[in-house]
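This report refers to the structure that appears directly beneath it.
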Amino acid sequence: MRLFLMILGMLLTTVILLGVAGFLVFAERRVLAFLQNRLGPNRLGPLGVGQALADALKLMSKENFVPDFADPVLYRAAPVLVAFSVLASFAVVPLDQHFSWAGNWNIGLLFILAMSSLNAYGVFMGGWASGNKFSLLGAVRAVAQLVSYELPLGLALLGVVLLSGSLSLNGIVAAQSLPFIVLQPLGFVIFMIAGVAETHRLPFDLPEAESELVAGFNTEYGGMRFGYFFLGEYLGMTLIAVLTALLYLGGWHGPWLPGWIWLLIKTGAVIFVFFWLRATLPRPRYDQLMGLGWKVLLPLALFNIMATALAAALWRLA
Amino acid sequence: MMILLILLLLLIILMSGAALLVVNDPMHGAVNLGISLLALSILFLLLGAPFVAALEVMLYVGAILVLFLFAIMLLRSPLKVREEARWRRGFWWPAVLVVLLTVVLILLFGQRPDLQVTIQEIGPASVGRALFGPYLWLTEAVALLLFAIIAAVLAIHRRDAHDT
Amino acid sequence: MTLELTLVIAALLFVVGVALILLRRNLIFLLLGIELLFNAAMVIALAGGARWHSATGQVLVVFMMALSGAALALTLALLLRVKHELGGDSVDDLRLLREEVDE
């Protein structure tokens, strides 16, 4: 019985997350349209919300084919791996003190980092198995970018871990009587930039830059397999936004309203910043991207850790 | 329950290992290694080492295997694989030795009465305390070694004037 | 039963690694075999740590991961150099490295 309820709960969580991803696709189109002074999709349903459903139906009804120059097994496995790794990361994300699957797990943050490296693997396999040179170039770019930006991301997270003394997300939020953005402004900025690069969204979407690589690693994908990549991207963005809210913006702490509503408001605000970035910033060159990661963010992240450790040691002395 | 899970992991590791022995494409080899590494990380969780389990996925699948992928890609063009001559002279003796080694190791490890202990979880906090407590100098030595490796790799890749 | 089966898994990993090194001719598969050997050793270290309830096993594994990563980075750099200089990635291509001995 308990097992049955657990499976039902997991299914429900997954469906809700899929719904969130679909809604975000729609919301992004509307917000972009608003920022560019046009209307965006507004026909189906109130404000056009039905557009998300229509897009999902369109993707699902398309033919699922495998190009004959592709590697059949890896071509099929890659999108599933991408979607799975992001969905699994949400297992350690708590909505509230008592409401999560594994919010108390003592390696929660490490688990998220591990899943994000699996995600890179899925993207690479997709691009390689397509057997197309644009896909391969996109995949190489994606892996190089993900590996380079995972380093500053993890180092920025170490500052938070140093301050809270815990690797579980519940523990980190519980330690924030003062939101960590006040104590870790540098870490917050590094985390946001590296987070945008991790989800390869604009302005760091070089793995799938349309103007040079067709569509990068997912050029050969169509139908629901493309949908999985799409899902992975939008859920990855949600994950980074939730993590920002939990780690730096105080999580569910806030006056008057119940905790989970605060978390949703903060997450929504971060997601809006992501949309805003997309509407505002141009795409850098690839060497500029790599230079930013290795020559600017990595030293800054190291400096952030040393400064945090020093300050914490002095605080303990005083 | 626990036994079943471990038997399943054993099966996965065995199958991906067997696949490694027969596949031709290095990329498929790397993917099979990745599968067995993921199974191993679950095994590490069962052994009460969550920190190492996470590191296994982050470092091995996330970094070391990615190194392999880059090397494979730099080595050859995609999806064009040279057949490897397999049943040639000099194959059989090593194969027999490998089978013998399997039997000996399984006999050696299979039945040990002193292994009946309940497994306790040792979290990341105590591992960190050990790493930066009694083993601090070893940690520093490893850091120094990694730095030396960076220098070595750069030196190997340096193109001298007479190289071209 | 858990620890015995763990040791059996370590033995299997080790055997597969040795078999890869002995039976395959492609250098990439040789390196994959070496990684399997490292992992077999790591499983044994963790089993020891679990048997005596000590964190030392995990510390050992962390060091092993760092060392195997370092060794692999160096070996792959050498492998690329071999491909570049000798034009092949099989063990047989390395024969070109031996010194010419005048009879």
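Cβ from N, Cα, C; glycine included.
What TrEMBL says about this protein:
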type	residues	note
TRANSMEM	A:73-95	transmembrane segment
TRANSMEM	A:107-131	transmembrane segment
TRANSMEM	A:151-173	transmembrane segment
TRANSMEM	A:180-197	transmembrane segment
TRANSMEM	A:226-249	transmembrane segment
TRANSMEM	A:256-277	transmembrane segment
TRANSMEM	A:297-317	transmembrane segment
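Pairs of Cβ atoms less than 8 Å apart link the transmembrane segment (A:256-277) most often to A:180-197, out of A:151-173, A:180-197, A:297-317. By the Cβ criterion (distance under 8 Å, sequence gap of 6 or more), the transmembrane segment (A:226-249) is counted as touching the transmembrane segment (A:180-197), at least 3 such pairs being found. Below 8 angstroms of C-beta separation, residues 92-94, 97, 100, 103-110, 113, 180, 183-184, 187-188, 190-191, 193-195, 198, 246-248, 250-253, 293, 297-298, 300-302, 304-305, 308-309, 312 of the same chain, each at least six residues beyond the ends of the transmembrane segment (A:151-173), sit close to that stretch.
If you look at the transmembrane segment (A:297-317), the same-chain residues 6 or more away from its ends with a CB under 8 A from one of its CBs are 149, 151-152, 155-156, 158-159, 162-163, 183-184, 186-187, 190, 193-194.
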